Amino acid sequence: MHFLKSARFQKAIFLFIVVAPAFAAYVLFTLYPNALSIFYSFLDWDGIGVKTFIGWDNYIRLFQDPFISRALQHNLILLVTVIPITLAISLVLADLLVNRTFGENSFYKVLYFFPNVLSLVVIALIWSFIYDGTFGLLNGLLQVFGLGGEHNWLGSKSTALLSMIPLYVWCYVGFYVVIFMNAMQGIPKSLYESATLDGITHMQRFTKITLPLLSGVIRVGTIFLILSVIKGFEYMLIMTKGGPGGSTEVISLYMFNLAFGGLNLGQHFYGYASTIGMMIFVLLVGLKLVVDKFFAKDSVEY
Amino acid sequence: MNKKMTWSSLALILCMVLFAAGCSNAANTKGGASNTNPGSTTPATGEQSSEEVDNYENGLPRNEKVTLKVGLLESGYGREWFDYAVKLFTEKYPNVTFDITASPKIGDLVSTKAAAGNDEDMFDLFYSDTWTEYVNANKLEPVTGIFEMSPDDAPGQKLNDLIVPGFNDPEKYYKDNAWVFPIANYIGGMFFDQKLFDENGWNKSPKTYDEFIQLCEAIKSKGIDPIVYAGLYNYAQFAFDTKIFEIAEENENNQFRNDFEYFNGPQNTSPENIEVYKRLYDMGKKGYISKKSVGMNHTQSQMLVLQHKAAMVPSGDWIENEMKESAPDDFQWGYMAVPFTNNPDGPIYMNNGLSYSFEIWAAKPELNKKWAKQFLLSLMSNEVQQELVEKGGALPLRKDYLDVPTRADNMKPLQKSIATYMKENQVVLELKNRKIELTHPDYAASLKVIVDNMALVLTGQEQPEPFLQDAEKLLQNAITNDKEAQNKE
């Protein structure tokens with residue numbers, strides 16, 4: 001009884017009560033489904049009928065499936081364009097909003113963050129109208145400037161995937177502007193003041209002081225952007241269904257269609273889709289390790 | 001302080017327990033009230049009366065309340081006809097009530113419920129485009145027996161003798177049974193504004209392929225896109241996927257149908273299929289099929305026809321009802337099937353198929369399934385079919401529907417236009433039935449190759465042969481594997 005009343009025991013109980021719900025939720029909604037996915041990846045299963053264990057067959061199929069390599073190429077194009085563009089624009093805008101005292105700063109913050117409060121479907125519909133080949137806003141603008149304006153942006157293999165890049169950048173910039181602004185506001189002003197006394201230009205201030213001190217935040221931002229670009233497929237699902245000619249089919253969309261019968265067949269391939277899910281997991285872990293290597297581990301301090 | 005902590009801890013533990021209980025499966029509830037709130041799940045029940053059971057003429061008990069959960073597809077036909085059918089049924093059988101969930105995406109909802117594995121939560125009867133998987137998992141109730149029953153308006157006659165030929169074909173049974181109950185069929189083809197065609201003197205019923213191409217050229221010369229279609233959903237199939245049979249007939253290939261039905265020989269790379277795709281590519285190259293089609297859905301493409309920015313759109317006969325709110329008052333839907341041969345006396349193949357159907361979930365109380373079958377039988381009465389035809393714009397599945405002359409007068413203008421077309425031309429209604437079901441993953445992959453590239457071929461951006469060959473390799477692998485597996489069973 002004395003032990004039950006002891007401070008150590010009470011502390012242990014309190015910690016357990018505080019941690020248990022979150023941990024239980026993590027196990028139930030994250031760890032358990034992921035463990036099940038590993039199991040499903042070794043099955044031939046349509047999600048309803050009998051589960052048939054087929055060993056490594058799904059993994060072998062992974063390396064023979066031409067749709068996988070095509071989808072990964074599309075993801076790679078988005079990775080090398082969306083991420084640097086988003087980071088660059090976010091950093092510049094954040095720097096301007098923090099270091100320049102515009103009267104309408106608050107308005108700009110709301111404006112940039114606005115896409116984050118819209119639903120995915122609304123964003124997809126907005127951009128579908130922008131890119132529409134008949135009455136789209138983009139074609140209208142091009143016509144005003146005499147630059148053609150009759151192109152079907154989402155209907156052409158050469159432009160469909162590239163058309164997704166402005167959409168993704170537009171969606172992501174606002175969130176990272178807010179993140180970087182908060183990080184920049186944490187940089188001591190004294191560093192800038194002493195640099196200014198030494199005659200530093202604005203560009204040097206940005207590249208020699210701001211960016212290095214933000215490297216930790218930029219690293220985290222990069223990782224989250226990689227996750228979003230690899231896992232995201234909603235816009236392609238709504239706007240192009242992976243077309244034309246599969247030119248906007250990314251790996252998550254392919255996995256989704258296999259699992260939920262998006263191939264207009266009424267057939268489901270849960271087992272193979274889970275295998276692709278495992279591949280995405282390994283890919284994301286690998287990319288995270290690459291990012292860690294690229295960014296210095298030590299935080300910079302002058 | 002200790003007491004406070006103890007009570008707080010107990011309160012927290014109680015919260016967690018309640019949370020866990022709330023997240024577990026809901027307790028079974030019994031109820032017979034019907035409602036039409038989307039997503040409502042009043043479980044079907046069959047309460048056993050302790051008193052003697054009084055039966056209807058159909059042998060089903062009068063005193064046992066049953067609630068049928070229905071997953072209804074809100075298609076271009078609307079749901080007026082279904083609500084009318086439910087009203088008639090419940091007036092006749094007041095112990096039966098309906099809990100209807102209606103959605104244009106009911107198929108997604110059904111597959112989610114099926115995957116969840118909760119039979120209590122599942123619909124009793126529903127529309128779905130998935131059925132072979134459900135059959136293989138023993139989840140569907142056979143509907144074969146319904147065709148042996150007699151509709152109330154045709155006593156003594158079996159439904160099988162009253163249904164339009166081709167929609168209950170024992171040769172097409174899967175595992176010796178029918179699993180999908182047909183309600184309505186559709187005609188697919190090319191739809192246009194008759195008024196626009198009359199004003200411009202365009203040919204509303206070309207008899208040969210050359211005449212059709214001349215029509216396209218005439219339309220194009222007026223600065224209007226001759227054809228636009230829903231590239232996102234491959235709606236071009238409604239106008240063109242029966243053309244292989246016309247080419248086969250022109251080639252006097254009498255073996256073609258058998259090869260098609262049993263997946264014998266090349267399918268995607270058959271001479272007939274390659275010829276069809278070549279012609280479609282040529283049409284796209286000449287600009288007869290608008291490039292805008294590639295990223296379009298069906299509403300966008302059909303709106304262009306309503307606005308006279310395009311002349312023709314491939315679709316099904318539901319188009320009139322689907323677009324009735326948007327169509328100008330003086331818009332008159334017309335119909336043509338696209339001729340693909342130059343024989344003016346040769347038959348033109350029209351796309352025909354099942355446009356509405358129901359399946360019954362097997363893991364339901366026997367009484368629920370019996371009532372579900374009785375209800376499906378009632379949907380095949382001419383009274384309900386008439387509602388579906390007149391309000392929904394569907395085609396009836398009863399052979400004797402037009403025995404009452406006034407029914408023809410009450411058909412929608414587009415239905416009359418289709419009937420006129422069929423009368424004035426030599427046509428064949430083509431169901432494109434296959435006698436073998438393929439389930440191998442390479443079959444899905446081969447179809448994906450076709451679907452991915454179809455729009456680019458139709459708009460003249462890509463040659464068809466390369467992807468047809470890729471699709472054929474996958475298809476032949478699937479055929480070999482599935483035929484071996486089915487022979488082993």
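Including glycine, each Cβ sits where the backbone N, Cα and C put it.
Since we're looking at a predicted model, the values are computed, not measured.
Among the features that TrEMBL reports, transmembrane segment is placed at A:12-32, A:76-98, A:110-130, A:160-181, A:209-230, A:269-291. TrEMBL lists A:72-291 with the feature domain 'ABC transmembrane type-1'.
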(request) Considering only the recorded stretches A:12-32, A:76-98, A:110-130, A:209-230, A:269-291, state which has the highest number of Cβ pairs under 8 Å to the transmembrane segment (A:160-181). (result) A:76-98
(message) Let me spell it out: take the transmembrane segment (A:269-291), skip the flanking residues so only those 6+ beyond its ends count, and list any with a Cβ under 8 Å from a Cβ in it.
(response) 34, 37-38, 40-47, 51, 54, 58-59, 61-62, 68, 219, 222-223, 226-227, 230-231, 251-252, 254-256, 258-259
(message) Six or more residues beyond either end and a Cβ under 8 Å away: which residues meet both conditions relative to the transmembrane segment (A:110-130)?
(response) 93, 136-138, 154, 163, 167, 170-171, 173-175, 177-178, 234-235, 238-239
